[in-house]
Amino acid sequence: MGFLSPIYVIFFFFGVKVHCQYETYQWDEDYDQEPDDDYQTGFPFRQNVDYGVPFHQYTLGCVSECFCPTNFPSSMYCDNRKLKTIPNIPMHIQQLYLQFNEIEAVTANSFINATHLKEINLSHNKIKSQKIDYGVFAKLPNLLQLHLEHNNLEEFPFPLPKSLERLLLGYNEISKLQTNAMDGLVNLTMLDLCYNYLHDSLLKDKIFAKMEKLMQLNLCSNRLESMPPGLPSSLMYLSLENNSISSIPEKYFDKLPKLHTLRMSHNKLQDIPYNIFNLPNIVELSVGHNKLKQAFYIPRNLEHLYLQNNEIEKMNLTVMCPSIDPLHYHHLTYIRVDQNKLKEPISSYIFFCFPHIHTIYYGEQRSTNGQTIQLKTQVFRRFPDDDDESEDHDDPDNAHESPEQEGAEGHFDLHYYENQE
């Protein structure tokens, strides 16, 4: 016992010392401090970076011809550098920008290691269809968006990966289309084929029918003479401007219940069924610059109607609005009817049928002798709705906006359709 007593004494004093250290430590002071912004964690986290691949691989993989920003290390910018060939693409790159160059070919080795690519922009180059190696894009299983507009393509590129969601082929020379070229594009939501040489015979096999997710289809400025057949019911936006379409088959739009915007200006439309546009969800309808001679039924949800530059002599309100339902008002707010042959303004009863309307733009009308006239119209003041925001009425910058500015805005911000002319 005498031998163990000093050991117990030593342990006792050691325990007291440790207890006193923790007793005097101010825990509250440590946790009450503000976080240190300069504190660096072991892993250098950065916002807007996909960490599927270690960060150090990103910073070491950019080629000398291009620029890879540190804040977007998965993107490689090679645009506007007078490149004639596609440089080597590192494996980790997901967004590749090669627009505004002088590239003429896309070879099989162009993206051989870049299997993570999600977006490729090859617009504004000199690429021809025969210079695209077969299957070069189909080997990219993660590709979502492909830009090939403003090139020299004569044929629709084929094959393409099933993953593709957005395909832009506008401003080319496409006049050939394989029958099964679009069969595998089951995930495509947007297809732009404007400003090509497409004609009716290329579309007769209902090539768009299997695109069950397609929401936007741009076929403007082609050589179409009839409405494209077999459009998918998922379609929300359809652009057919600047073609030679003269008629619309009855019940054509019955299978397009989701259609939100329809643009058919600069065609040859003449006689159309009066209720052809009776679509449940349509908001914008543009049929200006045609040969229409009379108005048609206005669907309840339509907000913007463009009828300029036709041959309409009278806006028949009975046809436009055959009945008034106080519980379900029409949503029309803007009508453009300039450059027609109207001899008198629309009846003031239009405000009973379309209580939300704030602008009827008459502009100049064409007379029978070829001269232009201005219609004398009464001034109507629309009282603000209860749900109108007060700042819209108090803002002097918005108070004097012209009818053209107020009505020309589209619901899809594409460079083709910024203004209704």
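Cβ atoms here come from the backbone N, Cα and C positions, even for glycine.
When Tyr134, Tyr237, Tyr416 are compared in Swiss-Prot, the sulfotyrosine annotation sits on Tyr416. Secondary structure from DSSP puts Tyr77 (sulfotyrosine) in a beta strand. DSSP places the residues of the repeat 'LRR 7' (234-255) in helix, strand and coil in these numbers: 4 helix, 3 strand, 15 coil.
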